[in-house]
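J.: My questions all concern the structure below.
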Amino acid sequence: MMMRDLALAGMLISLAFLSLLPSGCPQQTTEDACSVQILVPGLKGDAGEKGDKGAPGRPGRVGPTGEKGDMGDKGQKGTVGRHGKIGPIGAKGEKGDSGDIGPPGPSGEPGIPCECSQLRKAIGEMDNQVTQLTTELKFIKNAVAGLRETESKIYLLVKEEKRYADAQLSCQARGGTLSMPKDEAANGLMASYLAQAGLARVFIGINDLEKEGAFVYSDRSPMQTFNKWRSGEPNNAYDEEDCVEMVASGGWNDVACHITMYFMCEFDKENL
């Protein structure tokens, strides 16, 4: 197309040049004949030499994003990175299972023979003496805390919690028995003793262990007309209340014998 444009341009130039040429005839009359020269474009010349490379054109617009290509090949394994910081101490784990039992160790050297029979006997006797002394000391501490007495009786409040049967044995071991309030005077003295000690209740020497409802004193003598049963008592609750307690007001309740509480002992002066 460029060649065609060049040919057309050459033709236009030739025509323009022709129009500028003077006429082939001098000034003549109109009657004279005049010859006209017509210039015809020449043949197409040979292609010229290749011109110099032009300056780069302006960058074009950014084209549309192409389609996502296929995943490339996996790269080679990189070098090992630096060690990170030490993390916080984790929570303590659960205890593991016990390991297998190890093999038995070697046998030890034989021990030195000992005649221990007499030594064991002596140690046993010492243990008994210590136990007896400990019991005596507790009893003395209770006695020092205060006694109550009448013309014929001495009453001791024992601040050791025991079951009914053990309390009775403790009093008997000292030559007495659990306190037996057989009249108003004895009952009042015991109640006052209990209240002044700041205690709420104690075991006393009354029970119906042998026959339900037939209460007797700890010396096995039957109860007479005197009693200080509280309202609704005795009621043998849960069919297991065969022993008796005294409260600070002086009233009596039947209670279970297996519970533990403080107790009061009674001693005859003539037997001391």
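Each Cβ is built from the backbone N, Cα and C atoms, and glycine gets one as well.
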J.: Cys257 has a disulfide partner in Swiss-Prot; which of Cys171, Cys243 is it?
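T.: Here Swiss-Prot pairs Cys257 with Cys243 via a disulfide bond.
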J.: Pick from 84-116, 117-149: which range has coiled coil per Swiss-Prot?
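T.: The listed stretch tagged coiled coil in Swiss-Prot is 117-149.
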J.: If Swiss-Prot gives Asp239, Asp242 as binding Ca(2+) 3, which of Glu212, Glu233, Glu266 does it give for that site as well?
T.: Glu212
J.: For the carbohydrate site, Swiss-Prot lists Glu241, Glu245, Asn253, Asp254, Val255; sort out which one of Arg174, Arg201 goes with them.
T.: Arg201
J.: Considering the binding-site residues Glu212, Glu245, which residue's Cβ sits among the greatest number of other Cβ atoms within 10 Å?
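T.: Neighbour-count leader: Glu245.
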J.: For a quick check of packing: other C-beta atoms within 10 Å of the C-beta of Asp242 (Ca(2+) 1 binding site), how many?
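T.: So the Cβ neighbour count for Asp242 (Ca(2+) 1 binding site) comes to 21.
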J.: In the same chain, which residue numbers or ranges, 6 or more beyond the ends of the compositional bias 'Basic and acidic residues' (46-55), come under 8 angstroms Cβ to Cβ?
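T.: Here no positions qualify.
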J.: Could you state the whole-number distance in Å separating the C-alpha atoms of Arg201 (carbohydrate binding site) and Asp208 (Ca(2+) 1 binding site)?
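T.: Just about 19 Å between their Cα atoms.
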J.: Including all protein chains displayed, how many Cβ atoms other than that of Cys257 (disulfide bond) lie within 10 Å of its Cβ?
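T.: Counting Cβ neighbours of Cys257 (disulfide bond) within 10 Å gives 18.
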J.: What mean pLDDT does the predicted model reach across the domain 'C-type lectin' (150-266)?
T.: 95
